[in-house]
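Have a look at the structure below, then the notes.
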Amino acid sequence: MRSSCCDMCSQEEFQAQRSQLVALLISGSLEGFESILDWLLSWDVLSREDYEGLSLPGQPLSHSARRLLDTVWNKGVWGCQKLLEAVQEAQANSHTFELYGSWDTHSLHPTRDLQSHRPAIVRRLYNHVEAMLELAREGGFLSQYECEEIRLPIFTSSQRARRLLDLAAVKANGLAAFLLQHVRELPAPLPLPYEAAECQKFISKLRTMVLTQSRFLSTYDGSENLCLEDIYTENILELQTEVGTAGALQKSPAILGLEDLFDTHGHLNRDADTILVVGEAGSGKSTLLQRLHLLWATGRSFQEFLFIFPFSCRQLQCVAKPLSLRTLLFEHCCWPDVAQDDVFQFLLDHPDRVLLTFDGLDEFKFRFTDRERHCSPIDPTSVQTLLFNLLQGNLLKNACKVLTSRPDAVSALLRKFVRTELQLKGFSEEGIQLYLRKHHREPGVADRLIQLIQATSALHGLCHLPVFSWMVSRCHRELLLQNRGFPTTSTDMYLLILQHFLLHASPPDSSPLGLGPGLLQSRLSTLLHLGHLALRGLAMSCYVFSAQQLQAAQVDSDDISLGFLVRAQSSVPGSKAPLEFLHITFQCFFAAFYLAVSADTSVASLKHLFSCGRLGSSLLGRLLPNLCIQGSRVKKGSEAALLQKAEPHNLQITAAFLAGLLSQQHRDLLAACQVSERVLLQRQARARSCLAHSLREHFHSIPPAVPGETKSMHAMPGFIWLIRSLYEMQEEQLAQEAVRRLDIGHLKLTFCRVGPAECAALAFVLQHLQRPVALQLDYNSVGDVGVEQLRPCLGVCTALYLRDNNISDRGARTLVECALRCEQLQKLALFNNKLTDACACSMAKLLAHKQNFLSLRVGNNHITAAGAEVLAQGLKSNTSLKFLGFWGNSVGDKGTQALAEVVADHQNLKWLSLVGNNIGSMGAEALALMLEKNKSLEELCLEENHICDEGVYSLAEGLKRNSTLKFLKLSNNGITYRGAEALLQALSRNSAILEVWLRGNTFSLEEIQTLSSRDARLLL
């Protein structure tokens, strides 16, 4: 970018590159931008008034950059060229600045000389501002108040130097002459601070520390250390953008690699510093950060950062004492052995070379707020205030911060301070296979596991989350030895891993073959101790446990030896390392296990798992309402009291596990845990009735349909977790009862984070609907495996909307196979996915053989002319289709000709979209011939092509002989006034046309006014 921008010579070229220049000016730190201003001021490109307007504190950097471009533009070619020179000078900041030109310490114009030599003087003052302030104050040139204003801790050393020079420019008491004389006497600037031995020593120590922490992966396993380098597998990392910002041709979210994390595209707030990575529990967020740390520490990537400071939110919340930014970085991450002040000052002066990572905001018990502002890097404050001000940019502005979290913990307020949001969606199909092959290099083992997973639909759906792939890997022997009864639900998987750990801890000669009564009874006390610890931890938002907390829960060394508790990295140097569960989901599982089997758990107290007061009107606030005993009071310290305090997203996971444990399938296991038959039946019956009742209550809250429209339901927050809980119980009769009276025509589940596992749960419940429904699952993570999981419920679907779901040709073929057997399924929307010509045969078969099919939308995929030709053959045999969407593909003229030839004779097609398909005049000519013959088409969308005037001439001729088309859309097609004139002539003979869209074509303002006045149907 730099070379292309710096080659510009005219104002027109300068203006054409404006967006690149803005990106260049804001790509570095505020220090870099202010250095550019120094050069422009020293060359008199900027007046003092210009400079002050561009240096207003608190202005977003992007705003200042645009104002600077406007200012130099108004100064002509010379100003534009000088800006580019200033950018080059500021970027070449590694050389030693020298005071240049004549230098008269007794100059008659000291203020002018200070300005002429400003870049060099700022650099020379860098390490001497404090000394210069003292000299100036003692000499009577500055007041104490003025010195304190310059010393404010929010300013860097360079900014303090600039403020001193700015003050000298307006004071008439000789300060400018004083500075000229004393700056000349200062020693030449030292090499840049990060080249100094002290900084290099700290960087080396920091790299070593980060490398030590990131080399081995022990997130899910305490019994062995796995080398991250050997087993790391890329996850699906998608860039989240605001829906609709890219118009009709908006593509699916970009899938990025880890190395793309800091790219400049997809900004939600360009002036923010924080990159947010969201993902469900077990999707691999912590491992992704660990990989980032490893790549930096080994020098293979992210070397634009000199410093990386990694933090865990679950450990930060354990810090009780007030702390400053300096304390956080040095005492809670890495301590500089020498020159602590110099190192810290460098961090403040060069925040753009610093990266801070904060893992697991969802495990931070304090909710984000912007009410308490803290801008001092040296004054102590609470840990939550420090973290929140770092994320907002009030501290270490322009330092990059990467934050991970589960989605539910991210508020709209926090998103205001997010520069880029990315979603971690777990493994792709290829990722699952690669992960298992990396874990099992023995001949044939990985192949057998992969075959087992692919043959077991429910297990396949679970494995897209890395935590489940890890479980499958750990339990591969148990899975491969089983001939039936493979895990179906999340609860099944966690019971399988429980069995694996129990068997591993048992003597070899006494180990039973499965998770039988004897195995559970032998370690029941351990499981209850772990469950009690887990439940109390959830109540206090505590995920790292001290020795005192372990003792209070009666967890001893024998319990720890089972392997579910592992050592956490100590957040306080020198203290004994605390323990944590392998993963937050294990903590939730053990809490649910405790609630299911503990003799202390009353039936009434289970209600509080689902009706935590803070959930308000959400799903969980209405779940299990009839468990409440009127007039009962919550006993302090009881399970009910503990559950009232737990975080909602952890309650959701715990609720699903509890439903699974109370299922009929696991009744014998709970009985083996010494739960009486009567108590067990009570808990199961209550859970079943309340789950069904809660879902009905959820459905009853749906407002009535608008007269003349289908009754629609948009899922409320938490609805998916209610469905998951029903699925975990695996009782068909319960699912049937839950939806028996649901009376809707459209079920909308957009942006609900629906993956393959959620698809299985939805299908399990929705297959029992009494009336057909249109199912909308846009903007989720269904994928090909999720499509497979939806099979059971497709028979009750009239329409299926799967926009932006990472579906490939394989998933499309599955859908077609089902649609051909499902009489009621009449509409498919698969735009913004990964379809290619390879699925065209299936689509053609669907059109040819399903004569009640109404709508097929496959826009924004990767279909070419070859695919369009195949699909056209299927359309030739179809008589029912009304809507065909092909926008955003690459069918070109050849594909358009094939489609047009078939559409010409179609008797029912009402709407055809070929937006953005690289269609030229030949394709337009074919469409014109189609218009002459077709008697049904009402809307033809051809925006974003290159039809131009020649193509419009053909279309105009077609319009003269057409009497049904109402809307013709030709925006952004390179059409001139001559083409519009041809359309006007056609319109004079066509009264059926209501609108012709011509926006974005090559008309002058006068031509637009003329054309609009001649026919109002032209939309310009």
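Glycine too: its Cβ is placed from the backbone N, Cα and C atoms.
Which of 85-118, 221-254, 357-390, 425-458 counts as region 'Required for CARD9 binding' depends on Swiss-Prot, and there it is 221-254. Your range for motif 'ATG16L1-binding motif', going by Swiss-Prot and the list 43-57, 688-702, 988-1002, is 43-57. Within the same chain, residues at least 6 positions away in sequence whose Cβ sits under 8 Å from that of SER283 (ADP binding site) are ASN235, LEU424, LYS425, GLY426, LEU465, PRO466, VAL467.
Here the Cβ of THR287 (ADP binding site) has 20 other Cβ atoms within 10 Å, regardless of which shown protein chain they belong to. Under 8 Å from some Cβ of the repeat 'LRR 10' (1005-1019) lie the Cβ atoms of residues 977, 980, 983-984, 987, 993-999, all in the same chain and six or more residues away from its ends. The DSSP secondary structure for THR233 (ADP binding site) is coil. Counting residues of the repeat 'LRR 6' (850-873) by DSSP class, helix then strand then coil, yields 9 helix, 5 strand, 10 coil. Note on LYS285 (ADP binding site): other Cβ atoms within 10 Å of its Cβ, all shown chains, come to 23.
Away from its own ends, the repeat 'LRR 6' (850-873) comes close to residues 249-252, 799, 819-820, 823, 826-837, 839-841, 843-844, 879-896, 898-899, 901-902, 913, 915 of its chain (Cβ-Cβ under 8 Å, at least six residues beyond either end). The Cβ of THR233 (ADP binding site) has 21 other Cβ atoms within 10 Å, all protein chains considered.
For the repeat 'LRR 1' (685-709), the mean pLDDT of the prediction comes to 75.
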